[in-house]
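As structure tokens, the structure follows; a few thoughts come after it.
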């Protein structure tokens, strides 16, 4: 138990250090006499609680907001880099995010079948959005890549075979239909 408390205290100190230059959090810290880490963690818990409770449908807008803002921030940073590793992560995220939004639009029954849908969706989106988790890469390798290879890239292979057959038939004088 002491290890858990020590680990939490270390992580809270890291949060305080990370947000040391944030003017808004510095002002809130001065007014409330609470460390920045407590303010960040408390705000995050409150935000997720609002999504979980979903009073008046607020869970939908808050979940989609979190699912958009954090990856949009990372996307803007990725545009400034020269590597493609972060690009693949983010493109995969945006594919999954768009897919979920299309399904939600056409299947409102899904929202009633799955309890706490907006909360679960938000947790899932955060899992695949944050580069530290590698969630988008896992989703891409396990689900998106096999589907795209089979249904999108598959016909191009047969188109190449058909083209080869046509060229061979022209060369030999055989008729094709």
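Quick reminder: no glycine exception, Cβ is built from N, Cα and C everywhere.
Quick look at what Swiss-Prot lists:
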TOPO_DOM  1-35  topological domain 'Cytoplasmic'
TRANSMEM  36-55  transmembrane segment
TRANSMEM  58-78  transmembrane segment
TOPO_DOM  79-88  topological domain 'Cytoplasmic'
TRANSMEM  89-103  transmembrane segment
TOPO_DOM  104-108  topological domain 'Lumenal'
TRANSMEM  109-127  transmembrane segment
TOPO_DOM  128-177  topological domain 'Cytoplasmic'
The topological domain 'Cytoplasmic' (1-35): DSSP-derived helix, strand, coil residue counts: 27 helix, 0 strand, 8 coil
Residues from the same chain, set at least six apart from the ends of the topological domain 'Cytoplasmic' (1-35), whose C-beta lies under 8 A from its own: 41-42
For the topological domain 'Cytoplasmic' (79-88), sequence-distant contacts whose Cβ falls under 8 Å of one of its Cβ atoms, 6 or more beyond its ends: 131, 137, 140
Residues of the topological domain 'Lumenal' (104-108) by DSSP state, where helix covers H, G and I: 3 helix, 0 strand, 2 coil
